[in-house]
Amino acid sequence: MDTGGNSLPSGPDGVKRKVSYFYDPEVGNYYYGQGHPMKPHRIRMTHALLAHYGLLQNMQVYKPLPARERDLCRFHADDYVNFLRSITPETQQDQLRQLKRFNVGEDCPVFDGLFSFCQTYAGGSVGGAVKLNHNICDIAINWAGGLHHAKKCEASGFCYVNDIVLAILELLKQHQRVLYVDIDIHHGDGVEEAFYTSDRVMTVSFHKFGDYFPGTGDIRDIGYSKGKYYSLNVPLDDGIDDESYHFLFKPIIGKVMEVFKPGAVVLQCGADSLSGDRLGCFNLSIKGHAECVKFMRSFNVPLLLLGGGGYTIRNVARCWCYETGVALGTEVDDQLPQHEYYEYFGPDYTLHVAPSNMENKNTRQLLEEIRNNLLDNLSKLQHAPSVQFLERPPDTELPEADEDQDDADERWDPDSDMEVDEKRPIPSRVKREAIEPERKDSEAPKGTAEQARGFDNMATNETLSTKSVDVRPMAIDEPTVKVEQETSNKASDPIYPKS
């Protein structure tokens with residue numbers, strides 16, 4: 001059996017891409033609670049589309065190893081991680097002070113299996129970074145990741161653990177410079193804050209700005225100290241369409257790649273920037289959104305694709321399925337294949353949906369001002385910064401493969417950078433979601449973090465250098481090697497029970 005990994009030739013380079021894809025069949029079972037807009041079930045819907053389009057056979061498909069506590073603590077505070085590990089729906093009433101301290105409770109609720117959920121999606125993102133570091137693939141995908149709002153010591157915006165920061169820290173072991181690009185409708189505040197004083201990570205966020213969560217991401221926020229000009233914010237208004245978006249995206253990212261010269265790129269593909277999102281207000285088509293993936297892929301730099309926001313879940317699955325095809329260099333048919341979630345996509349049962357006729361409030365004059373401002377900032381970076389490693393973390397060893405286990409159903413990949421914790425099995429008890437009919441945009445519950453609201457500037461007035469991740473020099477606590485289980489490309493996903 002061809003276990004794949006090779007994609008079709010694409011672009012002027014004509015080089016095949018090897019794609020590693022991370023998916024845990026349990027991820028769709030986690031349930032934020034009745035009425036909550038964040039639905040991990042969308043990851044399982046995406047996977048089902050990939051399976052029935054036949055895309056899985058062209059990728060290496062991995063079940064991520066859960067990130068251990070020590071892995072999460074490479075960015076997050078120990079007491080915050082301990083809190084996430086210990087809190088349960090049954091005990092939360094006894095820990096009200098801690099809930100408030102760590103911003104857990106409303107937008108970021110306590111639910112069954114919360115810590116296991118965090119370990120799973122973080123493990124996929126770090127695992128993808130490890131694959132890229134060892135040149136096992138050209139592109140790694142973890143649609144369960146991309147939770148960009150989480151901070152060092154608190155949850156935020158439906159995000160508990162910042163898997164993106166953890167993945168970037170992993171990539172920095174191998175690469176002097178890493179670029180982070182965020183096309184979620186919300187500002188990638190957690191990632192920007194983590195690297196705000198670093199010149200080794202450039203963050204570029206395209207987002208709705210102005211009376212909108214999280215309230216950060218002003219074009220004037222450009223980084224601090226050594227990180228000055230290494231944070232780029234592209235503030236956008238309602239109704240931006242494909243043409244307007246790429247009027248900014250392509251020249252800005254093209255200049256970033258020319259000046260910064262990253263060794264690896266992380267692209268957060270939040271799908272709440274699509275037209276018709278339950279909480280969003282942009283007007284991008286799926287092809288327009290995916291054009292960002294296609295453009296980043298064209299640079300032939302190791303690329304980690306992550307998920308993020310997205311609350312009209314049928315469109316999220318459409319988008320990430322199509323973008324997986326883009327990563328592979330495969331054009332997928334617009335007519336959806338029959339599968340277990342087929343009824344979600346009626347009445348047209350097509351992959352692509354037309355954008356709306358909503359007003360685009362982003363005038364050409366405004367777009368030109370934004371573009372010129374950011375290109376001017378980039379011109380102030382004379383050259384890519386160089387890094388002298390005072391202590392370079394050792395490469396993860398790759399033991400020889402066991403031929404007895406090298407089969408399609410269950411292979412062992414020995415290159416993971418995280419450890420097996422034999423003493424602490426991961427709990428499997430999670431509450432299965434009773435699928436609710438999708439609400440129209442107007443029915444979104446009030447009071448969620450993703451709705452427009454004011455922002456408390458006191459949080460950002462803290463000294464950023466004390467909250468940022470110091471990535472110089474790279475004296476990193478190197479975990480030992482453990483194996484990583486790979487799932488069969490043809491393994492069937494359990495059908496999700498519906499009420």
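Every residue gets a Cβ built from N, Cα and C, even glycine.
Unlike curated entries, TrEMBL annotations are predicted automatically.
Feature annotation from TrEMBL assigns domain 'Histone deacetylase' to 36-324. The substrate binding site feature in TrEMBL is assigned to D107, G157, Y311. TrEMBL lists H149 with the feature active site, proton acceptor. The annotation divalent metal cation binding site is assigned in TrEMBL to D184, H186, D272. The region 'Disordered' annotation in TrEMBL covers 385-499. Annotated compositional bias 'Acidic residues' per TrEMBL: 397-420, in sequence order. What TrEMBL records for 421-444 is compositional bias 'Basic and acidic residues'. As annotated by TrEMBL, compositional bias 'Polar residues' applies to 458-468.
Ranking the recorded positions D107, H149, G157, Y311 by the distance of their Cα atoms from the Cα of D272 (divalent metal cation binding site) places Y311 first. Of the residues the record lists as binding substrate, namely D107, G157, Y311, the two whose Cα atoms sit farthest apart are 14 Å from each other. Around the Cβ of D107 (substrate binding site), a 10 Å sphere holds 22 further Cβ atoms from the protein chains shown. Put simply, H149 is the one of the recorded positions H149, D184, H186 whose Cα lies nearest to the Cα of G157 (substrate binding site).
Packing around G157 (substrate binding site) is summarised by its Cβ count: 24 other Cβ atoms lie within 10 angstroms of its Cβ, all protein chains included. Using a 10 Å Cβ-Cβ cutoff, Y311 (substrate binding site) registers 25 neighbours. In this structure the C-alpha atoms belonging to D184 (divalent metal cation binding site) and the residue listed as 'active site, proton acceptor' are separated by 11 Å. Mean model confidence of the domain 'Histone deacetylase' (36-324) amounts to 98 (pLDDT, 0 to 100 scale). Each residue contributes its Cα atom, and for H149 (active site, proton acceptor) and H186 (divalent metal cation binding site) those atoms are 9 Å apart.
H186 (divalent metal cation binding site) and D107 (substrate binding site) are 15 Å apart (CA-CA, integer value).
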